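Colleague: Below you will find the structure I want to go over with you.
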Amino acid sequence: MADKFHILLLNGPNINMLGTREPDKYGTLSLAEIVNRLTSEAAALNVSLDHLQSNAEYALIDRIHQAKDNVDYILINPAAFAHTSVAIRDALLAVNIPFIEIHLSNVHAREPFRQHSYLSDVAAGVICGLGADGYSYALQTAVKRLSQSH
């Protein structure tokens, strides 16, 4: 049976360092552990999940552009690009695919420069401060919204 929906998971700079990078803020799970868990959850929901992590803004933008005709929903942890990248915002708007912005830490309880996101006001939703569970909540929400609209 074919997958019902296609979800794209994008992770921005330094997310590849999860598990060892400031575990008090970002938790102890590695990115591979998070992606493996989410891939299993997606399979149980009968949806496909593609993943890209990049420290390069252009690579994330290129993958967003490639998603235009074959992805139903995007889950994105833009990491520091949330606070700096008009280009990622423009790419997301250009493809017109609904997306949920995810942050492991509560960005609103951190430094002032982390409290503004160029993506939040155009996102379908924002999840922050719930650690790795935020990815699961985003996936569940995306599938629920897609199921309701199809």
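For all residues, glycine too, the Cβ spot is worked out from N, Cα and C.
Remember, predicted model here, so these are calculated numbers, not experimental data.
Here Swiss-Prot flags TYR26 as active site, proton acceptor, drawing on sequence analysis. Positions annotated as active site, proton donor by Swiss-Prot: HIS103. According to Swiss-Prot, the feature substrate binding site maps to ASN77, HIS83, ASP90, LEU104, SER105, ARG114. Swiss-Prot lists ARG21 with the feature site 'Transition state stabilizer'.
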Colleague: Check the recorded positions HIS83, HIS103 for other C-beta atoms within 10 angstroms of each C-beta and report the one with the most.
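Modeller: It comes out as HIS103.
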Colleague: Using DSSP with the three-state reduction, classify ARG21 (site 'Transition state stabilizer') as helix, strand or coil.
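Modeller: In three-state terms, ARG21 (site 'Transition state stabilizer') counts as coil.
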Colleague: Could you measure between ARG21 (site 'Transition state stabilizer') and ASN77 (substrate binding site) for me? Cα positions, answer in whole angstrom.
Modeller: 16
Colleague: HIS103 (active site, proton donor) to ASN77 (substrate binding site): how many Å between their Cα atoms?
Modeller: 6
Colleague: Other Cβ atoms within 10 Å is the metric here; tell me which of the binding-site residues ASN77, SER105 scores highest.
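Modeller: When each Cβ's neighbours within 10 Å are tallied, ASN77 leads.
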Colleague: Roughly how many angstrom lie between the C-alpha atoms of ASP90 (substrate binding site) and TYR26 (active site, proton acceptor)?
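Modeller: Given the Cα positions, ASP90 (substrate binding site) is 27 Å from TYR26 (active site, proton acceptor).
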Colleague: Where does SER105 (substrate binding site) sit in the DSSP three-state scheme?
Modeller: coil
